[in-house]
Amino acid sequence: MEKKRFEVAKKIREKNLMKLSEIANKAIEEKHLTKEELVYLLSLKDGEERKLFLELADAFRHDYVGDMVFIKGVIEFSNYCRKNCHYCGIRAENRIHRYRMEPDEIISIARDMAKLGIDTIILQSGEDPHYDIEMLEYIVSTIRKSTFIPVSLSIGERPRSEYLRLKNAGASKVLLKHESINRKIFEAVHPDDDFDTRIDLLDYIISIGYVGGSGNIIGLPDQTLEDIANDIIFMRDIGVKMVGLGPFVPAEGTPLERLPYGDPELTLNTYAAVRLSMPRVFMPATTALGTIDEDKQFEGFRVGCNVIMCNFTPEKYRKDYTIYSGKARVEFFKTASRLKNMGFKLSVKVLRQLERHEKEVIERC
């Protein structure tokens, strides 16, 4: 059976869209797209050419990683943070209600998540030194041994020795976003971070065998399409296996609280450009996009995305994990049902849990 990407490439040729056709052929041959070619894709607006570009990205997703959508679960276990990133609502100087979850509480939630068929358990927090390496090792190793599900870390910058110990404890994935590969933009929004330290740490994480992930924010001050193209090239060249990118969403009480939302359409273009550049990557349709427009988040699955992150943070804490304002609620059963209705494949365990849940809802009615 002919691959979908060849069918879409043929449609592009028949429409005499020569520039897009050249890029499509290059991507099909798995040759690196140039910055100029990526900028061209990112710049496409509504019209037939953009429609076919997005269709091509969807075909690449289908051909390379299939129609399965991987549902990952997030536990936001602490909103304490020692950093003051200008875009983040849990920055150290923000006056918000703070919380920390106890290790055994985190573990208990992870075990409940495992029963639902979650693909990966993501432990996410601000950069909180309260959780020392021994505590984190206990959490990670206990979750891994009791659930047999991959554990992913999204805990910011930690010493290399700690990331190595956490890998030995059972963590297999790390998301450490670079946010922008433009040094000036990075330094402008990260007053107490060092650009080289961030990049070197990401490189180290990948080098010791983690499934490494990074990502950028669409819509930071002074960002250009060239910057976004450079972000894609950086992630491709450093060898990330996960790409977590999304639009800027302002957070109350931050220096950037009056900055407008990042462009959802440009975000979709970026997803699509990433899929053509890194066809085998795992890429979530992010909560940030869903915060701006829930339908746009699910549209992400039609332009190259194949992952979604559902929130399992207990209600009493969730309202305080305000990395940006109005954060969308991505609930497990609602998400699984919508993906199923869109025609995507889900794991057998997720489908069984969804069927059981739907029966219970009917019985209650």
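Just so it is clear, glycine is given a Cβ too, placed from its N, Cα and C backbone atoms.
TrEMBL entries are annotated by machine, without manual review.
CYS88 ([4Fe-4S] cluster binding site) falls outside any helix or strand according to DSSP and counts as coil. Residues or ranges marked as [4Fe-4S] cluster binding site in TrEMBL: CYS81, CYS85, CYS88.
Residues or ranges marked as (3R)-3-methyl-D-ornithine binding site by TrEMBL: SER154. SER154 ((3R)-3-methyl-D-ornithine binding site) is surrounded by 18 other CB atoms, counting those within 10 A of its CB over all protein chains shown.
Cβ neighbour count for GLU179 (S-adenosyl-L-methionine binding site): 22 (other Cβ atoms within 10 Å of its Cβ, all protein chains included). Look at TrEMBL and you will find GLU179, ARG198 tagged as S-adenosyl-L-methionine binding site.
Annotated domain 'Radical SAM core' per TrEMBL: 67-286, in sequence order.
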Assigned element (helix, strand, coil) containing CYS81 ([4Fe-4S] cluster binding site), judged by DSSP: coil
Nearest of the binding-site residues (SER154, GLU179, ARG198) to CYS81 ([4Fe-4S] cluster binding site), judged by Cα-Cα distance: SER154
Shell list ([4Fe-4S] cluster; ref centroid = CB of CYS81, CYS85, CYS88; cutoff 8 A): LYS83, ASN84, TYR87, GLY89, ILE90, ARG91, ALA92, GLY126, GLU127, ILE323
Fewest-neighbour residue among binding-site residues, criterion Cβ within 10 Å, set CYS85, ARG198: ARG198
